[in-house]
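Asks: This is the feature table in TrEMBL:
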type     : residues           : note
ACT_SITE : A:ASP294           : active site, proton donor
BINDING  : A:ASP36            : [4Fe-4S] cluster binding site
BINDING  : A:GLY429, A:MET430 : substrate binding site
DOMAIN   : A:12-426           : domain 'Nitrogenase/oxidoreductase component 1'
Amino acid sequence: MKLAYWMYAGPAHIGTLRIASSFKNVHAIMHAPLGDDYFNVMRSMLERERDFTPVTASVVDRNVLARGSQEKVVNNIVRKDGEENPDLIVLTPTCTSSILQEDLANFVDRAQMDAKGDVLLADVNHYRYNEFQAADRTLHQIVKFYLEKAQKKNQLSTEKTENPSVNIIGISTLGFHNQHDCRELKQLMKDLGIEVNEVIPDGASVHNLKNLPKAWFNLVPYRELGLATAQYLQESFNLPYVDITPMGVVETARCIRKIQQIINEQGANVNYEEYINEQTLYVSQAAWFSRSIDCQNLTGKKAVVFGDNTHAAALTKILAREMGIHVVLAGTYCKYDAEWFKEQVSEYCDEVLISDDNGAIGDAIARIEPSAIFGTQMERHVGKRLDIPCGVIAAPIHIQNFPIGYKPFCGYEGTNQIADLIYNSFTLGMEDHLLEIFGGHDTKEVITKGISADSDLNWNKEAQTELNKVPGFVRGKVKRNTEKFARERGFSEITLEVMYAAKEAVGA
Amino acid sequence: MTALQEPTSLQFDCESGNYHTFCPISCVAWLYQKIEDSFFLVIGTKTCGYFLQNAMGVMIFAEPRYAMAELEEGDISAQLKDYEELKRLCLQIKRDRNPSVIVWIGTCTTEIIKMDLEGLAPQLESEIGIPIVTARANGLDYAFTQGEDTVLAAMAHKCPKNVKVESEKEERNAIHKLLNFGRKKEDIKQEESEYKEHPPLVLFGSLPDPVVTNLTLELKKQGIKIDGWLPAKRYTELPVIDEGYYVSGVNPFLSRTATTLMRRRKCKLIGAPFPIGPDGTRAWIEKICSVFNIEPQGLEEREAKIWESLEDYIKLIRGKSVFFMGDNLLEISLARFLIRCGMTCPEIGIPYMDKRYQKAELDFLEKTCKEMGVPVPKIVEKPDNYNQIQRIYELKPDLVITGMAHANPLEARGINTKWSVEFTFAQIHGFTNARDILELATRPLRRNNNLKELGWEKLVKEEAKI
């Protein structure tokens, strides 16, 4: 047993449902007790979905507990098949059905006899996988199912498209800014003269999956979702993939160069260098922005990054490599894929934190006292308590992170959006400077921050007055650092002298 | 779907139970706020935790006094010893938060693996020195608000017995008193002389403190003294409940608590309509008065006055129809109130219908329909959301009260919806709060009135009929 207040990644069935409900005309039936269908609430509220979420529960109640589901699951599948005519029904196990150990595979076989659509059992174990792993597996499972089916029926066309083409794999419902990223990636492909063959799973029809091998290559923009599918397609159809996330100027260029290499190997003759150069220098504003004098104020400022693998790694690199910001700590909650993360970010930050315990990250932030945090909604709340600004860069997210305006993180427009996000998260440079000169406009009393060390020290009147002159957003930090200094040296009272000594010693 | 004849007595139907509602563990979200010295430990899986985290939104960030005891594979396969695991977590909670009670919420998983929480609790309780209350608020047996019912039923067992305990309670409370020193005493000063002679009365049901004050004052006007409230603001202030006490419920979903109080604590239940809406509040007070042989004073005028003040809202909904999809058990009372406001109601979906506990409310609903001259609604227990949506398309009600899973899709199809969960969290009890119910119920109509000139009611493409 584990005492948990909060979690970064959801349970396995959420991942399966995200994949199923991303496809068009695919229905998921959860084998779950009453109330477990709050996925529908999340989708309906966060994504502001206009359509009913194609997820229903085959309710596990006392009767099921006593006698087993018997006909219930089968009937529910067949009923849904008749009502909505889905192409595919995905029977989704939950934590409850995991321990009931009913033979769901058998139910699926029986239902398949009466259902016109296809029926699949999602192959995910609740206690082994989290949301991301389950999503990755389910997508792979569905793709494999339909490709093998097409192969059996001899409907699989492995002939490549005439022009270079790509499958974009991993865009899904409830993914962080996925809709915007998808549009941006399509635009990028268009600019590169590459046809988009299929986008999966979002908005895709399972009937089109048999077209996947026609593409020249696959693009997997996110580390968490789609890699299993891409690897399967490479093994079975010799379809290469690019798994460099085009997030940030440098990484986007790297991704494009990799694409160039892959399609040239297949007989294309393209050179994207000029495009990259043009975009980097003149079209995207991010490179110029980081060179502009305003951005000088960000040099050496301390930041903490935390999120999923894709976004935390990308942001760390952007901050350190493209903007000259000092990333003290970069972390991920994707423990199952920690090695990859460490390898990606090690050279761009002082320390790496792999943890899914929000308390550990909160404490690290309190200890480091960065000028800005880039994290999830949880880090945003830690930031609020510590008076440190936070830009949200990864799930878990809430409704504000599903903007209706165009806000991609990928591609060249993504670099602009990220630059804005980073810049606006740090206190505006000139404002910072002016406040320092004029002693701030903030006359609030200092409050002691909860997460950090408690205050057992006395501030004399002069020191207190001086402290009040420090601008509000750094005052807490100055106070804590001074007290830390005083405690270490054994001062019981903080005077002006102690304060300045502290400033000289630790730069408080 | 068309009724053969205009039905005059209530019809009850029961469907497949394929409907959307919240898991009953959601009760921790409001109960931990109500019972200030409690700590709720939900013993379940990631699924439960993810639900609480998402359903309760921002509340999770305010360092809540609840947490998950997240079961891992070793717990499921009994490689780990439940008792030792729970002891470790509860000691941690004691160290970090020092609550006066730990409430264990059993979930589907603890049911299936048959973890004997009721058996473990007393043993652990004596070992760590903190009372442990066990409630099985799981989705196998219950829906949404019924979670509170299971917790209160468990707490009813913990209420002190006779007045002697009072002094001991005082002592237990001494430290809190010290901590609260100087804080304004919110309870209403109760002067004995103002009250009429009647047997002790304890109310049950968790309500926000302002509503408690409000209802207390309302009864005080009739000379009725409330001897206690289950739950109280603190666990250490649970009311004395003795044999022969009278009890009355303030919410329609508290049937287990009522049963427990009657059978185990030998109380007498005053079955009344619930104090929701001015009509319900008056009926509730009148029923209590009649049990105590008290002549109610000034209630008629008070009700009339409230109705008068509601007129601006009522004229928006008079003659319109409302459809309850059903998810929180407040449906019967809300429908009764809205019918009194002049609405019609073809269907009341409800997760579970206790015809005995809600008898007075059901009778009142029937009477209200007769008086307003509208057909009685069909009450659908364990509804089937898919069928309901087909009926909604057919009936085209002016307002659908539903969960969030269906609200946006229905709105996109030009159907006004009110999100039902808000009724659970808003203050809807008593005379004073009748306005709040209508504020909620009319909000979609008012909003859509504002937008109606724009001509974009239907925002989905016509679905292909197959």
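Including glycine, each Cβ sits where the backbone N, Cα and C put it.
Note that the structure is a prediction, hence the values are computed from the model and not measured.
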Asks: Which of A:ASP36, A:ASP294 (the recorded positions) has the most other Cβ atoms within 10 Å?
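Replies: Output for this query is A:ASP36.
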Asks: I want to verify one value. Collapsing DSSP to three states, which class is A:ASP294 (active site, proton donor)?
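Replies: Its secondary structure by DSSP: helix.
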Asks: Round to the nearest Å and give the CA-to-CA distance linking A:ASP294 (active site, proton donor) with the residue listed as '[4Fe-4S] cluster binding site'.
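Replies: Given the Cα positions, A:ASP294 (active site, proton donor) is 50 Å from the residue listed as '[4Fe-4S] cluster binding site'.
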Asks: Taking every residue in the domain 'Nitrogenase/oxidoreductase component 1' (A:12-426), what is their average pLDDT?
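Replies: PLDDT averaged over the stretch: 94.
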